[in-house]
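Noted in TrEMBL for the protein shown:
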- 19-28: domain 'Uroporphyrinogen decarboxylase (URO-D)' (DOMAIN)
- Arg24, Gln25, Ala26, Gly27, Arg28, Asp74, Tyr151, Ser206, His322: substrate binding site (BINDING)
- Asp74: site 'Transition state stabilizer' (SITE)
- 139-155: domain 'Uroporphyrinogen decarboxylase (URO-D)' (DOMAIN)
Amino acid sequence: MTDKTMLRALKGEVLPTPPVWLMRQAGRYLPEYRATRAQAGDFLSLCYTPDLAAEVTLQPIRRYGFDAAILFADILLLPQALGLDLWFETGEGPRMSTVTSMAGVKALKGKDDIHDKLAPVYETCRILARELPKETTFIGFAGMPWTVATYMIAGRGSKDQAAAHKLKDTDRAAFSALIDAVTDATIEYLSKQVEAGCEVVKLFDSWAGSLKGQDFEDFAVEPAKRITAELKARFPGLPVIAFPREAGEGYIGFAKKTGADCVAIDNSVSPEWAAANVQKDGCVQGNLDPSYMVTGGQALVEATQKVVAAFKNGPHIFNLGHGITPEADPENVTLLMETIRKG
Ligand code: 1CP
């Protein structure tokens, strides 16, 4: 039996206090992150410099003793490895060259031709597998095909994913081929992360909430199911966390349908609702509103206790409902950790 609390929760164990980590825990709210990022020069150089990417992954572990560390990388490195240009506009976010036709999908690199570009990421994994404290669980990750495709089709982030919906609804063959290509490449990418030392994988489907009805089944559930099944066939017992963000009712049964061990929940649903409807199928991760990490105080303490109490009768990993923001106060994370660990 492992001592790692996060792995125990993922196996379904109910613990006296939940293991905890935060999405985007290595990030701009930490002065030490900003310093290392300045040393790297820019965000992508940070991702592709193994010593520095490992360093920023370790920083929040040293400062707070989180139960899990997540590989420092980005979901958009995979489309770059598939051949698209990727850059970040200061203050605006990611930009990339686009894929909007079957010819564009056919021009992408094959699933086995991504590893040269991604080799530094695998090296970061190997460093972290050596250097993380023995009680810390090491999480690898990838974006889910729908979410990654929204960026590949629009060439940038968007609020409503309109360009991706348009391709889905006007050129189904090209859209489906793109989803399949990203699905296949994601399986190879995550397999290499696991071979390099990741113990859990998390599948980020940040824009799953905009897929409705049958589209949700076809483009959020199905890819998660294929990726999970193939990874578990290659790595028996590998725990998988799925995050179909803002899925709402779609969270119900998601673990059963996909084979994921844990469903991560955003904060648009209440912890009580998630405990009643999702935790009955297994471990859940979530779901404190990230804004408390900015505002802090007694409201943070009470909201944290409410999340812990709601999930206390089943397997639970404490996290935010989405990433911690650059405006968060590092002291509030200390208060969060004290509140959770006091029980
Ligand atoms: O330092 C900086 O200025 C860059 C900010 C940043 C960071 C810290 C970006 C740009 N990516 C990351 C790291 C990152 N991204 C991690 C590392 C591990 C950790 O959590 O600590 C992870 C898991 C991601 C995943 C990611 N990237 C997602 C899925 C999760 C989510 O937040 O919904 C998405 C959608 C991205 C794309 C992306 N990368 C960066 C930005 C600003 C964005 C979002 C763009 C948009 O709003 O559309």
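Including glycine, each Cβ sits where the backbone N, Cα and C put it.
Since the structure is predicted, the reported quantities are computational estimates derived from the model, not experimental observations.
Mapped onto this structure are the features recorded in TrEMBL.
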residue : record                             : DSSP class
Arg24   : substrate binding site             : coil
Asp74   : site 'Transition state stabilizer' : coil
Tyr151  : substrate binding site             : helix
His322  : substrate binding site             : coil
For each of the binding-site residues (Arg24, Arg28, His322), count the other CB atoms lying within 10 A of its CB, then report the residue with the highest count. His322
Those residues of the chain, 6+ apart, with a Cβ under 8 Å from that of Ala26 (substrate binding site): Tyr33, Val56, Thr57, Gln59, Pro60, Ile70, Phe72
So among Arg24, Arg28, Tyr151, His322, all listed as binding-site residues, which is physically nearest to Asp74 (site 'Transition state stabilizer')? Use the C-alpha atoms. Arg24
Same-chain residues at least 6 beyond the ends of the domain 'Uroporphyrinogen decarboxylase (URO-D)' (19-28) with CB under 8 Å of its CB atoms are 5-6, 8-9, 34, 37, 56-57, 59-60, 64, 66-70, 72, 137, 139, 293, 317-320, 322-326, 333, 336-337, 340
Packing count at Tyr151 (substrate binding site) (other Cβ atoms within 10 Å of its Cβ): 28
Annotated recorded positions Arg24, Ala26, Asp74, Tyr151, filtered by Cβ under 6 Å to ligand 1: Arg24, Ala26, Asp74
Among the substrate-binding set Arg24, Gln25, Ala26, Gly27, Arg28, Asp74, Tyr151, Ser206, His322, as the record gives it, the longest Cα-Cα distance in Å: 23
Overall pLDDT of the domain 'Uroporphyrinogen decarboxylase (URO-D)' (19-28), taken as the mean: 98
Please work out the number of neighbouring Cβ atoms within 10 Å of the Cβ of Asp74 (site 'Transition state stabilizer'), leaving out its own Cβ. 17
